[in-house]
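See below for the structure under consideration.
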Amino acid sequence: MGARASVLTGGKLDQWESIYLRPGGKKKYRMKHLVWASRELERFACNPGLMDTADGCAKLLNQLEPALKTGSEELRSLYNALAVLYCVHSRIQIHNTQEALDKIKEKQEQHKPEPKNPEAGAAAATDSNISRNYPLVQTAQGQMVHQPLTPRTLNAWVKVIEEKAFSPEVIPMFMALSEGATPSDLNTMLNTVGGHQAAMQMLKEVINEEAADWDRTHPVPVGPLPPGQLRDPRGSDIAGTTSTLAEQVAWMTANPPVPVGDIYRRWIVLGLNRIVRMYSPVSILEIKQGPKEPFRDYVDRFYKTLRAEQATQEVKNWMTETLLVQNANPDCKQLLKALGPGATLEEMMTACQGVGGPAHKARVLAEAMSQVQQPTTSVFAQRGNFKGIRKPIKCFNCGKEGHLARNCKAPRRGGCWKCGQEGHQMKDCKNEGRQANFLGKSWSPFKGRPGNFPQTTTRKEPTAPPLESYGFQEEKSTQGKEMQENQERTENSLYPPLTSLRSLFGNDPSSQ
C-alpha cells in the first residue's frame, strides 16, 4: 500500500473506516483514500509527512483553503479527506465528511481574531470590496501595484501556439492566461508569438477596426477636463499604443472603473475567432459521420468544428440539435430518431455505442442477406421453378416414408424392386409395363427424365365380362380381309413389279 498507508493504526484506523463519504451514503473511507491523498499532496508540491499528526493536517488545510474557490474537484476531495483525517487525529467523533467540515469551520471561527475597534472593521470591509485580481495587487498601504506576467505564463502561451497553431481550443486558453491582465500585458503575450505573422497581421487589422469603432461611439468631450479627473480612453489607449501602464492601472481601479483590459481582450478574441476560422476551413455542414466511424469520434469532430463557428449560442444550439442527427450515418441516425428530439448527448452516446462493432456488423449483414434472398425467391416462384415443400422420401425396401433404402432396418428384399423377381435389378427389368423414352430405351427412375417425354399413368384393365359373340362379328372380320386382298391384286395388275430397267430405258447397261 505504500509508506503513507501507515498514517493510521489501531483505533484511529477503525474510526477512519467507520466514517461515511457522504451523508446518507453507503460507502466509507478506506486505506486507499489515504494513499490517494498522499499522492495528491505530492502532486500539489505539499509534504505528505504532515498527514501523520493533527497539527500537520491543520497546516495542510490552511494551505489548501484559499484555493478552494477556484480549485478543481480533486482539490476539494483532498481538502475533505484531510478534514476527516484531522478529526480522527483529534479524537473528534464524526459520522461523515460534512460533519468534519462543520467541525473545521467552527474551530476556524473560534480562533478568528476580532477587530480592536470599529474603524478597523470598517476598513477591512472596505478592503474586501476592492478588486485584488492578478496582476493588480493591493499593497499594505492600500495602493494598487501592477505585477507583470510571469515567464511561466508566457511560456505556456507560446507552447499552446506552437502545438495547437490556431485551433479552436486556443481561445479558451488565451482567456484563462489573460484573466485580469492590462493592455500592456496583452501586448506582451502577442509579441511573444514568433511565427504565424500572417495571423498576427490579421489580428492587428481587427484591433484597428474595433479601435476606430470605439472612437466613433465614444467621442471626446468638449472643453477642458476638471483638475484631477482622468481623461476618457481612446481606442489607441485601450490597445496600449498611446497609454502608459500607470494610466491603464488608473482606469482599471477608478471609481467607476473603465475595464480597458477586458475591452482589449474582447477585441483580441474577435480577431482570434477570425484566425481560427481561417485555419479551420471545414464548415460544420461538412462534418458527416463515416459508415464505419464510431459515433464518439464523430461527436468529437463535430464539437471541435462547432467551436470555430462564428455564431451565437442560440444558433450553435440549433446546429447541435439538428445537424448532429442529420449528418450521422444511417445506422446511428435510425437509433437517434428513435430516441426523440429531447434526448441528451449521454443518451445518444449510449445508444450508438455498439454501432460499428462485430455484433452490429453481423446483424446488418444478416439483414442484407435476407433482403437479397426475398426477391430471388419471388422470381423463382413467378417463373414456376419454385417447387415449394419437398415430397417426403420413400424407402424402396419397405415402402414406408421418412428414410432411404440404404438406411432401412427392415430385412433386405431380394431381386427386382419392380416385379419382385430375382436375377436382375429394377433398372434392368424388362417386364411389361416398363416405360420407354422416345428413343426406345428403358427409362430408369434413378436418372433424369427427358423434358419432352409425355407422362403416362398406368391404368387398370376393366373387370367387366367380355362381349358375347353372335357370329356376324367373325363374318365381318373375314370380309374385311378378303377386300384387302382384292385391293392388293388390283394394284399388282396395274403396276407390275419392275425386275429390270429395260422397259424404261431400252437396253439396260447393267445387264450387259
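Yeah, the Cβs are placed from backbone N, Cα and C, and that goes for glycine too.
Sequence annotations record features per position, and here Swiss-Prot assigns N-myristoyl glycine to Gly2.
For the region 'Interaction with Gp41' (7-31), the DSSP-based tally of helix, strand and coil residues reads 7 helix, 2 strand, 16 coil. According to Swiss-Prot, the region 'Interaction with Gp41' annotation covers 7-31, on the basis of similarity to another entry.
Positions annotated as region 'Interaction with host CALM1' by Swiss-Prot, on the basis of similarity to another entry: 8-43.
When the region 'Interaction with host PPIA/CYPA and NUP153' (191-229) is classified with DSSP, helix, strand and coil residues number 22 helix, 0 strand, 17 coil. Marked as region 'Interaction with host PPIA/CYPA and NUP153' by Swiss-Prot: 191-229.
When Cβ-Cβ distances below 8 Å are used as the criterion, the region 'PPIA/CYPA-binding loop' (219-227) is approached by residues 234 of the same chain, each at least six residues removed from its ends. If you look up Swiss-Prot, you'll see 219-227 marked as region 'PPIA/CYPA-binding loop', on the strength of similarity to another entry.
Feature annotation from Swiss-Prot assigns asymmetric dimethylarginine to Arg390 (among others).
Per Swiss-Prot, zinc finger is recorded for 393-410 (among others), and the stated evidence type is sequence analysis. Mean predicted confidence for the zinc finger (393-410): the pLDDT average there is 84.
Taking a C-beta cut-off of under 8 Å and a sequence gap of six or more, Arg412 (asymmetric dimethylarginine) has these contacts in its own chain: Asn397. Annotated asymmetric dimethylarginine per Swiss-Prot: Arg412 (among others), in sequence order, evidence recorded as similarity to another entry.
Annotated zinc finger per Swiss-Prot: 414-431 (among others), in sequence order, evidence recorded as sequence analysis.
Taken from Swiss-Prot, the feature motif 'PTAP/PSAP motif' covers 462-465.
The compositional bias 'Basic and acidic residues' annotation in Swiss-Prot covers 473-491.
Counting residue by residue with DSSP, the zinc finger (414-431) contains 3 helix, 0 strand, 15 coil.
For the zinc finger (393-410), residue counts in helix, strand and coil come to 3 helix, 2 strand, 13 coil, using DSSP.
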